[in-house]
Amino acid sequence: MLSNHLHNGIEAPKLAWSRLPNSEDGEPDTVGLIKKSDESSIESLDYEVIENYAYWEEQAQRGKLYVGYYVMVKWFFALLIGIGTGLAAVFINLSVENFAGWKFALTFAIIQKSYVAGFLVYVLINLVLVFSSVYIVTQFAPAAAGSGIPEIKGYLNGVDMPGILLFRTLIGKIFGSIGSVGGGLALGKEGPLVHTGACIASLLGQGGSSKYHLRSRWLQIFNSDRDRRDLVTCGCAAGVSAAFRAPVGGVLFALEEVTSWWKSQLMWRVFFTSAIVAVVVRTAMGWCKSGKCGHFGSGGFIIWDISDGQEDYSFEEFLPMAVIGVIGGLLGALFNQLTFYIAYWRRNYLHKNGNRVKIIEACLISLITSIISFGLPLLRNCSPCPEADPDSGIECPRPPGMYGNYVNFYCSKDKEYNDLATIFFNTQDDAIRNLFSAKTIHEYSAQSLLTFLVMFYSLAVVTFGTAVPAGQFVPGIMIGSTYGRLVGMFVVKVYKKLNIEEGTYALLGAASFLGGSMRMTVSLCVIMVEITNNLKLLPLIMLVLLISKAVGDAFNEGLYEEQARLRSIPLLESRPKYQMRKMTAKEASGKRVISFPRVVKVADVVSILRSNNHNGFPVIDHARNGETLVIGLMLRSHLLVLLQSKVDFQHSPLPCDPRGSRSIRHTISEFVKPASSKGLSIHDIRLSSDDLEMYIDLAPFLNPSPYIVPEDMSLTKVYNLFRQLGLRHIFVVPRPSRVIGLITRKDLLIEENEDSASMELQSTSVRARHRDRSKVGRNGDVERPLLTSLLV
């Protein structure tokens, strides 16, 4: 019957999975599956191509015309992703700007008569918006909470988490972001836009949503996890491009921050998608300039033009700029640690009390934020307006909530402004524009900036982790630009040079905090240059980013890595741990591996699938001389499809001919699990007693060429192989007894002649293997990729 004597393990990276909290609550021999306390499981994605008989027969039916069609459809989907993400960003920004504009306009109109009534209206509007956001998330789309970037990063790293790419998650992300950002919470909409773009890409890739009957058969083309991974990568880049109007920054963000696997063809499609988003956003902004978008004017999309700012900088300014980098690294690392502790407490204690507690918490934070943003400017004395400069285009004062500096709030005279209200009682985008503004020296007092820094930093720490869509880009820019402006004020006072602009130091402070918190370098540098339209500051931005990242790395990991660890997302980072150098593949592999014979009884398959949670099973066969051979790897998901369809059941325990009609009863798409779905479970399958007595020949459906490593290979090499190839399983085998061939670079060079029927191979050995490829693996008595010496 079944063999359980395979002592060498599979799934070598079990160590990286099991080191996480709550990773193993089940059987001690369970490999590669994390069981969480909420009874939901996190599994790996199947990025590897399963080259079984169904795959080869499907490939044989496809000609060059289909390959060209396949490539064209990929580009068409990239176009659709760009258009969809751009329109979603336009809708979110229009809604947020109009809600905020109506809120501030109404509040300002009321406070002309009564500040108490204006305060009550202001608090009530914020409460309604935040309540709508948290209610949508808790009752409709729980996966829409947070920024979504750690989850998308985990997905592109090879981790499948149910619910993160569903249609209801997309709806919850869009409308939840409108409520939370419009409600004045200390968070942004840029992180959720990345998740929104990924959801749009995933839904397009699978043809829509079947649950809500929004599905098109014409779009159901890309069914494999590999194709979905490429589409989701395009969606992530589109989200950043839509958030910052930074197409190049979006491409680099996808490359640097979220993806673990990259290729040149994907680079072109990602760049094309980001360019389409930029066109859509620019077209929408041009249309809104005619006044058809309500309160949406020159704000909304984050673009802070400081091209008219500081023209040059001197050598002595490098020291305060370096200080800004150090401050950004320290405050960014502290922010990551505080948010981790608070989120851990929320996740394990507070939020376990149900959705009602989540709603009360979000509303309470909204109330506190409204009280602080309205009340603190009341305690600040107003300052007289500076002398008007016709060339600057800056008017003093301006009403609160309107675009521009020098907001008049609770001032006894008309020609006065409240510097604290200019940044506190305002939208975040306009507040950042004010902090970045040039030719506004002495607009803010050090006391006001320090007060805002402490209060907004505290609010950002507490708000991050609530059950609403929340991004940290804009709050990070707010925090960094505040202490950057403080340093700029000090530099202006000490150096006494006319060409120094406080807004330049505010920009460097924003870059330093984002670098110290998120630990991005190249992509963040390009994004900051694109949104400020000042290429002269590129060397300075690079300097503060390098310093802040180095300082932050000395204390903890980046924000998204910390949040992924909190959510038990088993990310494989770019570099293996140092301890892995002294470990071998055998030491990390499982102690017990369950395998199947080639022809297995249905009852035995059901029994094994019910008794463990393994996702991959070696399949063994016996040669005529009695030698045991491992002929491939069978996935759990494929076994469940075979059990459910029943068309491959047979009465005979003898192997069938894989070249017969039995191998074409399934297509590749039938074995693919829907995106963000838990997929088929063994408990969903109903089998009669007669079905359990039948047999299945697994040879046509297994992966005949899985990746294998020798047992004494260092775990560092296994780690790099596993991550760079996006694998789910690796066989660990004893040291082979003989070598049947050697492949070099020359053997892999193939030249295609004008005659499409012939192919010139650069090596005799490759030519021979290419000629005999159809024979290898189709005969059970012929040696296969996993030949002898696999079993002892």
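Glycine is no exception: its Cβ is also placed from the backbone N, Cα and C atoms.
Unlike curated records, TrEMBL annotations are generated automatically.
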Per TrEMBL record, range annotated transmembrane segment [choices 165-187, 625-647, 694-716, 717-739]: 165-187
Outside the transmembrane segment (266-285), six or more residues from its ends: residues with CB under 8 Å to it: 74-75, 78-79, 81-83, 85-87, 89-90, 230, 233-235, 237-238, 240-242, 245, 247-248, 250-251, 254-255, 300-301
Same-chain residues near the transmembrane segment (449-467), Cβ under 8 Å, at least 6 residues beyond its ends: 134, 137-138, 142, 145-146, 185-187, 331, 335, 338-339, 342-343, 346, 351, 355, 358-359, 361-362, 365, 368-369, 372, 376, 420, 423-424, 475-476, 478-479, 482-483, 485-486, 489
Integer mean pLDDT for the domain 'CBS' (702-758): 83
